[in-house]
């Protein structure tokens, strides 16, 4: 568990602004050296030399581990599509609650994190409405409190995202496949005619982007009884699973995301995060494309708490979906 948060009163900045800052209790131990790396390397650069290596050793070290992961996670317990703030939050809660589950995260971009590296309009600060600060406390991410008690501010959105990512990828039961796109869903027939989702069809993102100008490049697959899609609003890879449900006939049409209304949007996204068809849970902004909710703009509380709700929904149905997909 992350250490508890501590609150301290900072000095007034040059701007004249002053606010309560919440930080995790990770201060250095008194008396410990704060120059360990300098003590180790400093003043010794003339004789510095890396350990010798053969180029093939590098190739084999990378390849062996990656293909071991491909083999291991070809049959996963949960696949999370999209590694933005919602997907990573889902992975964190799931991996911590169920260390026995194999959780694969598939992210189309080289760099996970989605839009959570910045706040609105490419600004560095990130705003979260209460009670989402509970999630920040869990991670140990510091934040500032303004006079208005209804929200908190993370000074650098990148600190939140990098902290969350580092914790998620530290779990031994999580594997991130970045630069990998989901091209389709694996389905199974059901009695009511709506397909049950039983996995994802994947390919290198660079291959996916060039299907129109190259010959056939078939994909790969990952089986899993529960898929959690958090691919964001409509875009080249956004709202992928939502759009695929329409083309498969499982959903008549998309609701279409409506104009910006923070107050209605965030509550709606969190409350309605759910299993939309057997084996497929949708959360985050992708849900607005299904249900026609408003967009929320540059506030991130709903993303992380939708992730918490998605994890809860997955835990509710996992055992049943696993039995159904056992064949």
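Here the Cβ of each residue, glycine as well, is placed from N, Cα and C on the backbone.
Taken from Swiss-Prot, the feature substrate binding site covers 86, 107, 108, 115, 182, 218, 233, 285, 295, 296, 297, and the record attributes it to sequence analysis. Mapped onto three states, the DSSP output places residue 182 (substrate binding site) in strand. Counting every protein chain shown, 28 other Cβ atoms lie within 10 Å of the Cβ of residue 182 (substrate binding site).
In the three-state DSSP classification, residue 216 (2,3-didehydroalanine (Cys)) falls within coil. Taken from Swiss-Prot, the feature 2,3-didehydroalanine (Cys) applies to 216.
Neighbour count (other Cβ atoms within 10 Å of the Cβ, all protein chains): 15 for residue 297 (substrate binding site).
Using a 10 Å Cβ-Cβ cutoff, residue 216 (2,3-didehydroalanine (Cys)) registers 5 neighbours. Long-range Cβ contacts of residue 86 (substrate binding site) within its own chain (separation 6+, distance under 8 Å): 114, 230, 283, 284, 285, 303, 304, 306, 307, 310. For the pair residue 216 (2,3-didehydroalanine (Cys)) and residue 297 (substrate binding site), the C-alpha distance works out to 39 angstrom. Counted over all residue pairs in 86, 107, 108, 115, 182, 218, 233, 285, 295, 296, 297, the record's binders of substrate, the longest Cα to Cα distance measures 37 angstrom. The highest number of surrounding Cβ atoms within 10 Å, among the binding-site residues 108, 233, 295, is found at 108.
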